[in-house]
Amino acid sequence: MKAKTIPVGVPQFGGWVISKSPSWLKPYLSIMRIDLDAGWWLLTFPAWWSLALASTGTFPNPLYMLLFLLGGILMEGAGCIFNDMVDMKFDAKVRRTAQRPLPGKLVSIPEAIVYMFVTLLMAFAILMTFNTFTVWVCMAVTPLIFVYPFMKRITYWPQAVLGVVFTWGALVGWSAEQGSLSLAPILFYLGCIFWPLHFDTLYAHQDREDDISIGVKSTALALGEKTGAVLFAFNLCFLALVAAAGATAGLGWGFWPGLALVALHFAWQHRVLDINDREVCGRLFNSNWSLGWIMLGAIVAGQLTR
């Protein structure tokens, strides 16, 4: 299937923000990936899902949703800045990343460090509006944020570390609402780990040839032609654990049709997947934005029908 036939649907709000920003600010917004909306949406969704899972019989708190979105944008930005500092020499050799602000000499390392710390301070200010338990839950994952960029030098499974870090919001959303953790959010978090394993493997297939030439490891290289079968197994693990979490949390019948739609979305991704087509892989990665909304709708429906 041609890539142009794959609907993506990710809003380009970030690109609009950069286009309207003064020239001096654009490189700093770009290094945060503000223009790549999918990244911060995908980071935010697990927190929204978990918040909805914890919101017994009602809609999730809209203020918390806004704070999680702002926090997701800031933490995605800080993570991208650190990742770019670590990978600057690699990025300069990869077609897709050679024009990023650091390898493109638009932002210096000292400037990037200052900008990263400012971004982290803003995220920390948002975090301090939540209960003490949630603050400690968030702080627990912070070291792993700075470990992840080095994993692609060590293991062919850096996406597994990304899954642990990227979906930590699946614990944070519940703790923000309930002030504690229980079996349901733990099952939910374990399931969510398989989502980045899925979509970031798709993302990694875009750079497979470049990664081989520069010695960077990824699940795309580890799995090769077995990618489709392994991603299918990841999807089953996600669905099974999320279903167990929904049942444990007491979600009503409305949750199950929504979860079936999530399964159909995964099935559609498998149907059109071509690991040898960079554009198809990129568009399928972005399509997980719509899956995030379907999952959120399923959980809210489950709360309203319990």
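Heads up, the Cβ atoms here are built off N, Cα and C, so glycines get one too.
Per TrEMBL, transmembrane segment is recorded for 38-57 (among others). Sequence-distant contacts of the transmembrane segment (38-57), counting only residues of its own chain at least 6 positions beyond either end whose CB sits under 8 Å from a CB of the stretch, comprise 10, 14, 64-65, 68-69, 71-73, 75-77, 80, 166-174, 176-178, 184-185, 188-189, 192, 195-196, 199, 245-246, 249-251, 285-286, 288-289, 292, 295-296, 299-300, 303-304, 306.
Residues annotated as transmembrane segment in TrEMBL: 63-86 (among others).
As annotated by TrEMBL, transmembrane segment applies to 106-127 (among others). Residues 27-28, 30-32, 67, 70-71, 74-75, 77-78, 81-82, 84-85, 88, 134-135, 138 of the same chain sit 6 or more residues outside the transmembrane segment (106-127) yet have a Cβ under 8 Å from a Cβ within it.
Taken from TrEMBL, the feature transmembrane segment applies to 133-150 (among others).
Taken from TrEMBL, the feature transmembrane segment covers 157-176 (among others).
Residues or ranges marked as transmembrane segment by TrEMBL: 182-199 (among others).
Residues annotated as transmembrane segment in TrEMBL: 227-245 (among others). Panel annotation: around the transmembrane segment (227-245), residues 53, 184-185, 187-188, 190-192, 194-195, 197-198, 201-202, 205, 219-220, 259, 262-263, 266, 270, 273, 275, 295 of the same chain, lying at least six beyond its termini, place a Cβ under 8 Å from a Cβ of the stretch.
What TrEMBL records for 251-268 (among others) is transmembrane segment. Non-local neighbours of the transmembrane segment (251-268) in the same chain are 53, 198, 232, 235, 239, 242-243, 287, 290-291, 294-295, 297-299, 301-306; each lies 6+ residues outside the stretch with a CB under 8 Å from one of its CB atoms.
If you look up TrEMBL, you'll see 289-305 (among others) marked as transmembrane segment. Here the transmembrane segment (289-305) has long-range neighbours at 8-10, 37-38, 41-42, 45, 48-49, 52-53, 55-60, 242, 246, 251-259, 261-262, 265-266, meaning same-chain residues at least 6 beyond its ends whose C-beta is under 8 angstroms from one of its own.
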Using a Cβ-Cβ cut-off of under 8 Å, list the residues of the same chain that are 6+ residues beyond the ends of the transmembrane segment (133-150) and lie near it. 75, 78-79, 82-83, 86-87, 127, 158, 161-162, 164-165, 168, 171-172, 175-176, 179-181
